[in-house]
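Per TrEMBL, substrate binding site is recorded for Arg230, His231, Gly232, Glu233, Ser234, Met235, Phe236, Asn237, Arg283. Residues or ranges marked as domain '6-phosphofructo-2-kinase' by TrEMBL: 8-223.
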Amino acid sequence: MPRTNGSVVGTQVEDTRICVVMVGLPARGKSLIAGKIVRYLRWLSVDARSFNVGTYRRQDTPQPTADFFDTSNKEGERMRRAAAEAAVKDMLKWFSQEKGTVAILDATNSTRARRRWIAETVSAHKIEVMFVESKCDDEDLIMGNIMEVKTTSPDYRGQDPEVAARDFRDRIRNYEKVYETITETDYTYVKLINVGTQVVINCIQDYLQSRIVYFLMNLHIKPRSIWLSRHGESMFNLEGKIGGDADLSPRGMRYAEVLPELCRQSGILPEQGITVWTSTLKRTIQTSQHLPYNKLQWKALDELDSGTCDGLTYEDIEEQFPEDFRARDDDKYNYRYRGGESYRDLVIRLEPIIMEMERQENVMVVTHQAVIRCIYAYFMNVPQDRSPWMEIPLHTVIKLTPKAYGTKEERFKANIPAVSTFRPKYSSAKHQEADSPDVNELSVKMNV
Ligand SMILES: O=P(O)(O)OC[C@H]1O[C@@](CO)(OP(=O)(O)O)[C@@H](O)[C@@H]1O
């Protein structure tokens, strides 16, 4: 399978391979950061995978006590080293056999000796090594992580939470005895101090590394939510036409009127600082007109460009361009409209939006069907073969709340009917009337 990072990220050289090595004491959010890097890169079509050394260690030692992590425990040391070796071996196999591009080695890697061993072993295979250290002295953040670990880690499954928390603190103390922060100036590294507060960068070598660094620089872990809504039903939606710059229909106008109340019910408080982002197209601007918040228009949030098909219905396209119609159903993510865009193109256009969303706290985005699918796919980790086929109904607010290990999703529907613009794969090109939902019907789910 050809590697795609060259074509997608732009100027990346074809054969770049990077091993991102996490560094830091337990409960510093390393696995969370590793997971976010993987999600971001996969969304950009860069083949990325995390190798968690704890998972390898658990094969032999599923529920060790804190003494196992004491460096004077020779057997513990041997087994921990064996787990790291097994993870690195699998990672190298993934690079060579599955042609992976970015691997994350998720472990504490907290001593100079361990880092030297990894750097030497990995660079011998012509794979770049980049250390990412998470350093944190904010007691609240650490406590939050300890609570998370003791309730979710398989190391403590079935144990009394108080005993688990005490043992986990002892484990941290054992690591603290030997922990050496990164100061090796000949290595490429990024040191994140209290995530989102201070970043130290050393010897970044190329484009893909700099993308990862930039992403890490924008991360923060303050609690916040993201609200997504399509514009209200448009005149084009009513007629089944795609693209264009139509006004809202009378029902779409009613959605715009109830949107402030729907937002309030979904948890946006009037005194809360929130910015509403729209596209530059009339239907999103009209939809947000009654929202009493600061607004910002982004060209990057405009709908997928349907090129020569702009203004046609799906039936017209099926009739006038039958081969294109079929090709789009065969591979909707990669299909590029003649003179227009594909979902793959749209993701690249949306990358600065995602970066900015990571940086922001509460934000509401009023945009279009295809654009919401791409943003939603990023936050909810939806693969490319499914993301263009997701149902994103009109007149519905989707609230996403990032949590430590997943994103919580809630949907709030307005009691205003609208057409459905969803057309399932290989189905006849007809648009239908959507069911009239109950007032503010709510659904909640978590992706983990
Ligand atoms: O990729 P598909 O499923 O065609 O969905 C994108 C289409 O959604 C539409 C509606 O059919 O978005 P929008 O409601 O913003 O106008 C089209 O303009 C756009 O081409």
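Placed from the backbone N, Cα and C atoms, the Cβ positions cover glycine too.
Automatic, uncurated: that is what TrEMBL annotation is.
Everything TrEMBL records as a feature, shown here on the structure.
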residue: Arg230; record: substrate binding site; Cβ contacts under 8 Å, 6 or more apart: Val366, Thr367, His368, Gln369, Ile372, Ile392, Pro393, Leu394, His395, Thr396
residue: Gly232; record: substrate binding site; Cβ contacts under 8 Å, 6 or more apart: Leu248, Ser249, Arg251, Gly252, Met253, Arg254, Tyr255, Ala256, Leu259, Arg283, Gln286, Thr287, Leu394, His395, Ile416, Ala418
residue: Ser234; record: substrate binding site; Cβ contacts under 8 Å, 6 or more apart: Gly244, Ala246, Asp247, Leu248, Ser249, Gly252, Arg283
residue: Phe236; record: substrate binding site; Cβ contacts under 8 Å, 6 or more apart: Ile242, Gly243, Gly244, Ala246, Gly311
- Note on the structure: Around the recorded substrate site (Arg230, His231, Gly232, Glu233, Ser234, Met235, Phe236, Asn237, Arg283), other residues with Cβ within 8 Å of the Cβ centre, ordered by sequence, are Leu238, Ala246, Leu248, Ser249, Gly252, Thr287, Leu394
- Query: Taking the Cβ of Arg283 (substrate binding site) as the centre, how many other Cβ atoms fall within a 10 Å radius?
  - Reply: 28
- Query: Across the record's substrate-binding residues Arg230, His231, Gly232, Glu233, Ser234, Met235, Phe236, Asn237, Arg283, the largest CA-CA distance in angstrom?
  - Reply: 14
